[in-house]
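> The following feature annotations were taken from TrEMBL:
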DOMAIN    A:1-89  domain 'Chorismate mutase'
DOMAIN    A:89-264  domain 'Prephenate dehydratase'
SITE      A:Thr257  site 'Essential for prephenate dehydratase activity'
DOMAIN    A:276-353  domain 'ACT'
There are 2 protein chains.
Amino acid sequence: MNDKLKPLREKIDAIDAQILDLLNQRARVAQDVGHVKAETGAPVFRPEREAQVLRGVAERNPGPMGNAELQTIWREIMSACRSLEKRVTVAFLGPAGTYSEQAVYQQFGTAVDVLPCSSIDEVFRATEAGTAEFGVVPVENSTEGAIGRTLDLLLHTPLTISGEVSIAVRHSLLTGSGNMEGVTAICAHAQALAQCQIWLNNNYPDIERRAVSSNAEAARMARDDHAIAAIAGERAGVRYSLGTVKANIQDDPHNRTRFAVIGSLHAGPSGEDRTSLALAAPHKAGSIYRLLGSLAQHGVSMTRFESRPARTGTWEYYFYVDVEGHVQNEAVAKALAELQSNAAFFKVLGSYPVSLT
Amino acid sequence: MNDKLKPLREKIDAIDAQILDLLNQRARVAQDVGHVKAETGAPVFRPEREAQVLRGVAERNPGPMGNAELQTIWREIMSACRSLEKRVTVAFLGPAGTYSEQAVYQQFGTAVDVLPCSSIDEVFRATEAGTAEFGVVPVENSTEGAIGRTLDLLLHTPLTISGEVSIAVRHSLLTGSGNMEGVTAICAHAQALAQCQIWLNNNYPDIERRAVSSNAEAARMARDDHAIAAIAGERAGVRYSLGTVKANIQDDPHNRTRFAVIGSLHAGPSGEDRTSLALAAPHKAGSIYRLLGSLAQHGVSMTRFESRPARTGTWEYYFYVDVEGHVQNEAVAKALAELQSNAAFFKVLGSYPVSLT
């Protein structure tokens, strides 16, 4: 066997030597970029540029390498080169090892310094104070909807959203025994039950489904009562020592949690961007509908609309709206100017490259 | 500024195009390697080969790229190429996001499937049953010594250790307020206090130090009593909402937890290897000392020696010994043959490449 493998390994070694040389060439150019940026005070991290590089790699990839694997490699290459210019510090909702930390590395690669915080408030504080250049906070969770605290804090922070990261969330069917013997009820948060309903209809149509306060609570119940199965993430399964009957049972394989990257940096246009807004309108039938008419008139697509009761202040509701495009795009700029002149409250939370996944 | 940056970015784009081409060349050769291995039934993952590639990258690196960053990039390159041959599944002590999961990615890169387990026993079971090709289990923890359950299970498993991974463990000084005002005692596990003693002597020589059952317990105490500071990891600080007075206060910056990679694969010699053994000797003064004489006589260095009371069976103690070199090295083979003939119990737990960090 070694006779056949040896020449192949020598080929790989020769290719690796060339890649090593190119990576160091790339690092030297990145250092030059750092010098130019230092002269002008320009920021080291340019999310629109990194998004373009990652998209370009996938577009030009002839294979057999997979695009996702290549983008992982490039994220590390850019992270390593960037750390030669300057290492950035990123605050996130800790502890280490949460989906939030995963979101940090998905945006910045691993050559960064991380600052785990014990609350979303603290992530904002650390980033506003400059202890961290960026913060990563959850904004939307497929199982529990919008993250209210993040939305509240975004209203009044001087920080801007300069990126979004989307992380896959998976549901498993879990029991104490790891099988369904003697199980009479399947428990989970109502949204998780809804997200798995096709699979449940196909596989356990006759077992009662019961909505409980959270998936973690369902997992706790399953630990204590072997007549109960829970739908929850692997994390809850491990915490409550449950066995997995079946992993990845969500009907939509693209069930995700979305994070926002916040900081004082304003991302430039990358060619494929999104803009997040917060709005309030006088409490009058149809006023929001009329406001949003400005978007439609200028051909700007809305990708998300979320309302949230105001906790303080003059307005009963705040509306969180995501639209396609960058504030520097002409159509978006016109639509937003019009929207702003009619809204009672108007804030651009940020324009940023659409996440890759 | 854009006038100066544009040509530099074009240079980077040109370099990236070459790297992309080389990576796909490498992937095609890796596919050929996969075909050769498939003919002979040889394993896809060769830890000794990957260790050699990673060491080679660091040895040949002229800079300015850092070795650690390059090795992170290469780990992902090899992981991506390997996943084109076959994707491996790795079991670990969950939940996701622990140091154990970090150890999985440090050994295999991120292009693997992971299987989080709720106990060390379950990691062994899943790997023995073939649900996972490999398992990653903690063997040694600088703050709490050997992981007893792993050592017990290693004694009788048919699995072999084919790799080791070492992960940095950091201590922080934590309080409810984030500062030391009003603090009269610093609490931690005795080993953590010992590991930070130089720093404590230099900075807080007059504050009482109190050993408690664990660092997490110290963190809980600090949350409830603001006269107490805790030494613990960032994870505990986040869990108990403590502020960081000072991070990384351990005297030895190389304080680490060590993990073993277990599976049915036997790693070949990589040129820089370690062999783990389990031994028992008749309970007689000096019998272990005489046993170990075989190592010294053949010039084999011992890097670790650990004794553990037997929970079952004939012997009062089992001894866990790590030596430098691979079982296929002549001196090691001779020493072990001699050792085996004199020991009451003798088992080679595995030979594997020494970890990079």
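Every residue gets a Cβ built from N, Cα and C, even glycine.
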> As a quick check of your reading of DSSP, tell me how many residues in the domain 'Chorismate mutase' (A:1-89) are helical, how many are strand and how many are coil.
72 helix, 1 strand, 16 coil
> Mean pLDDT for the domain 'Prephenate dehydratase' (A:89-264), rounded to an integer?
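Computed over the domain 'Prephenate dehydratase' (A:89-264), the mean pLDDT is 86 on the 0 to 100 scale.
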> According to DSSP, collapsed to three classes, what secondary structure does A:Thr257 (site 'Essential for prephenate dehydratase activity') have?
strand
> In the domain 'ACT' (A:276-353), how many residues does DSSP assign to helix, to strand and to coil?
24 helix, 30 strand, 24 coil
